[in-house]
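Colleague: One structure is given below, represented as structure tokens, and several questions about it will come after.
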Amino acid sequence: MGRSVTPARSPSLPHGTVCNPSWDRLVRARGSAVDAAEAGCAQCELEQCDGSVGYGGSPDELGETTLDAMIMNGDTMDLGAVGNLHRVKNAVGVARAVMEHTDHTLLVGEAASAFAQDMGFKAEDLTTNRSLNIFFQWLKTNCQPNFRKNVLPDPSKSCGPYKPEPKQKWRSQKPRTQTDLHSHDTIGMIVIGQNGQVVAATSTNGATHKVPGRVGDSPVAGAGAYADSTAGGAAATGQGDIMMRFLPSYLAVELMRSGIDPTTACKTAISRIKKYHGDFFGAIICASKTGEYGAACSKHPGFGEFPFMVFNSRTNRPVMEKVDCF
């Protein structure tokens, strides 16, 4: 699973790490917790972490890569997000522009791309040889796997175009025997500043082979991430189409507000999803306003533990920690 990041409290600057240690130098040269969260996710977008963040990954049914991102200021409860963003690499930067230059929370699709260009972001192709190869290999296997159901022709055997199947012929969906764990991945960051400000941010290129127009959990407040400086922050990764129905990040933060420790808050948020979707895979990181942190994940074939990074005054460097899934 992904390079989720949980920085705990620092005595001087908000810290975190993403794909390499150079991020720390970038953060030290800046200052605010919002800057730190944006910089961390932007670095991962640039480095295409795990192929699931940034350009050149997770092509949709048409072979196009689109991006989702969000950033949330836990002091003001302001939030900016973008979904299904086309042709702009710095998705988390555009999310911050939504937060700082509009009264809106979420912009999506081509209109979000037009907004980004108006704000000075460069329009460029997000396709790479790697993403094209993933797309063409998928076409060769009759578009397997995909996210269609109750349509004709049979989506388990053929590509579209699809039309609705008569309702009387709908069948129970068979669970997929294989799941690409890297096809639902996200960079999630929680940053706690010297003054106690909590900021959360996410960025992803979404689910591989998704239906064009799909927006996952990452840019949805309370689903992909949530921050409240009076309680803490949380960020999630995994099967977003399932996880967003349960607002796990919001739930975890509210549990920490009530005095529950971060690890238990994370486990409770995951357990709530497992009650209805026992075979889902996903993970969540949690950090309290005092800098305590924890994580939890749902056990799935090929996914028995969840790694996450911590950078705080105790470690003074990026340290990978792991939790066993349940």
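Numbers here mean position along the shown chain, with the first residue as 1.
Note that Cβ sites are derived from N, Cα and C of the backbone, with glycine treated the same way.
Below, the features straight out of TrEMBL:
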REGION    150-178  region 'Disordered'
ACT_SITE  THR186  active site, nucleophile
BINDING   ARG214, VAL215, GLY216, ASP217, THR237, GLY238, GLN239, GLY240  substrate binding site
Colleague: Please identify which of ARG214, THR237, GLY240 has the densest Cβ environment, defined as other Cβ atoms within 10 Å, among these binding-site residues.
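Modeller: Of the binding-site residues ARG214, THR237, GLY240, the most buried by Cβ count within 10 Å is THR237.
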Colleague: Drop a 10 Å sphere on every Cβ of the binding-site residues GLY216, GLY238 and tell me which sphere holds the fewest other Cβ atoms.
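Modeller: Looking at the binding-site residues GLY216, GLY238, the Cβ with the fewest others within 10 Å is that of GLY216.
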Colleague: Which of these binding-site residues is closest to THR186 (active site, nucleophile) if you go by CA atoms: ARG214, ASP217, GLY238?
Modeller: GLY238
Colleague: Which whole number of Å gives the largest C-alpha distance between any two of ARG214, VAL215, GLY216, ASP217, THR237, GLY238, GLN239, GLY240, the residues noted as binding substrate?
Modeller: 16
Colleague: Please list residues from the chain of ASP217 (substrate binding site) whose Cβ is under 8 angstroms from its Cβ, counting only those at least six apart in sequence.
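Modeller: In sequence order, the residues whose Cβ lies under 8 Å from that of ASP217 (substrate binding site) (at least 6 apart) are ALA223, GLY224, ALA236, GLY240, ASP241, MET243, MET244.
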Colleague: Select one residue from THR186, GLN239: among these recorded positions, choose the one with the most other Cβ atoms within 10 Å of its Cβ.
Modeller: THR186
Colleague: Return the count of C-beta atoms lying within 10 angstroms of the C-beta of VAL215 (substrate binding site), excluding that atom itself.
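Modeller: By my count, 22.
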